[in-house]
Amino acid sequence: MEKIAVLGAGSWGTALAMVLNDNGHDVRLWTHIEAHANEINQTHRNPMYLKDVVIPEEIKAYFKLEEAIEDVSAILLVLPTEVIRLVCQQLREVLKHKVTIIHGTKGIEPETFKRVSEMIEEELPRELYDEIVILSGPSHAEEVSIGHPTTVTAASKSEKAAIHAQNLFMNERFRVYSGTDVIGVELGGALKNIIALGAGISDGLGYGDNAKAALVTRGLAEIARLGTAMGADPLTFIGLTGVGDLIVTSTSKHSRNWNAGNLLAQGYSLDEVLAKMNMVVEGVRTAKAAYHLGKEKNIEMPITAGIYKVLFENANAREIVDELMTRTKRNEIDEIHNMLKQYYQQN
Ligand SMILES: NC(=O)C1=CN([C@@H]2O[C@H](COP(=O)(O)OP(=O)(O)OC[C@H]3O[C@@H](n4cnc5c(N)ncnc54)[C@H](OP(=O)(O)O)[C@@H]3O)[C@@H](O)[C@H]2O)C=CC1
Ligand SMILES: O=C(CO)COP(=O)(O)O
């Protein structure tokens, strides 16, 4: 059994802390708000993020980062992408020993196009961690925290580290696969949030299941196109961290991104939507990142571009759908063959 600090006491951090606690680990849940730590320790609940869930008493919340990470063997970062660098900077001030870093964050930094593990590598000195592992897949906190069957993937450049994380989290309700395609796993988890915003918009406009299936399928083609250009294995995108997460986020009532898209389609402005959601909506910043990254790499991403225009250029969502439906006709499978051919020629 290991001593593990979970940094980020939002919905996903709390749910993952509960999985680790179920597996017998000594779990410390860190929040940057003292009153929040006190509330969790006194009431064993986290009502702002996980309504009606009782947090086991063994899980202790911490406000002081140096106390939360004392003697831990692993640190799990479960924070919005926007604060990953800041928290890593705080961490490097207080961390005095080597740990395994695991993260469950799904986003890309708009200013640099960096993935989360790249940001961690830039902010944490190499001597402070052995490996970085990404935990990703179709997994809403609301369901994990009440023990509904869930599957995810633990991916790391080091297979040994991925299997280590797999062993830490795996139990009969939480099945963990392992993998080594860090780029594919991180990009799949981040980019699906954009398509989920689109699915929420589509549903909010009153379009049906056909439209949503089209968005998810053609959205997956865009994710794979950009992901493969960035060095991912295209097959990763048909796995849990690609199609699996795309399905859950585009169809679930729990999805923050779907709900935000739905509100946008109801006529709320982006600022109003973000103010209404009390949890992070990663797809908004990641849409900005993917739109500009796609342009830079000359990758065709019409759905992402449409969602970007609805978010940041006040475009009319119905007109964007009309534009998508009237694009030049094309063959569906040719580009997928080309993508696979190119990848396997290079690898
Ligand atoms: N929710 C889910 O089901 C899943 C989420 N994810 C991913 O996990 C990541 C976190 O998401 P989620 O848990 O939903 O987010 P939430 O919005 O539920 O929680 C975010 C947490 O981060 C904290 N936080 C914000 N800023 C800081 C900071 N500067 N220092 C320390 N803590 C900070 C928040 O604190 P405060 O209370 O002060 O705002 C809050 O506790 C995202 O990338 C998301 O995509 C992945 C899989 C499932
Ligand atoms: O990544 C998630 C589920 O796997 C969570 O998605 P949302 O942030 O849209 O809720």
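Indices start at 1 and increase along the chain as displayed.
The backbone N, Cα and C atoms fix where each Cβ goes, and this holds for glycine too.
Remember, it's a predicted structure, so these values are computed and weren't measured experimentally.
TrEMBL lists GLY137, SER139, LYS192, ASP245, SER255, ARG256, ASN257 as sn-glycerol 3-phosphate-binding residues, and of the candidates LYS106, LYS114, LYS160, LYS288 the one it assigns to that same site is LYS106. Separation of the C-alpha atoms of ARG256 (NAD(+) binding site) and LYS192 (active site, proton acceptor): 12 Å, rounded to the nearest whole number. The most densely surrounded of the binding-site residues HIS32, ARG256 is ARG256 (count of other Cβ atoms within 10 A of its Cβ). Among the recorded positions listed (GLY137, LYS192, ASP245, SER255, ASN257), none has a CB atom closer than 6 Å to any atom of ligand 1.
Here SER11 (NAD(+) binding site) comes close to ASN46, TYR49, LEU50, ALA141, GLU142, SER145, MET279: these same-chain residues lie at least six apart in sequence, with C-beta atoms under 8 angstroms from its C-beta. Among the record's substrate binders, LYS106, ARG256, ASN257, no two C-alpha atoms are more than 12 Å apart, and one pair sits at exactly that spread.
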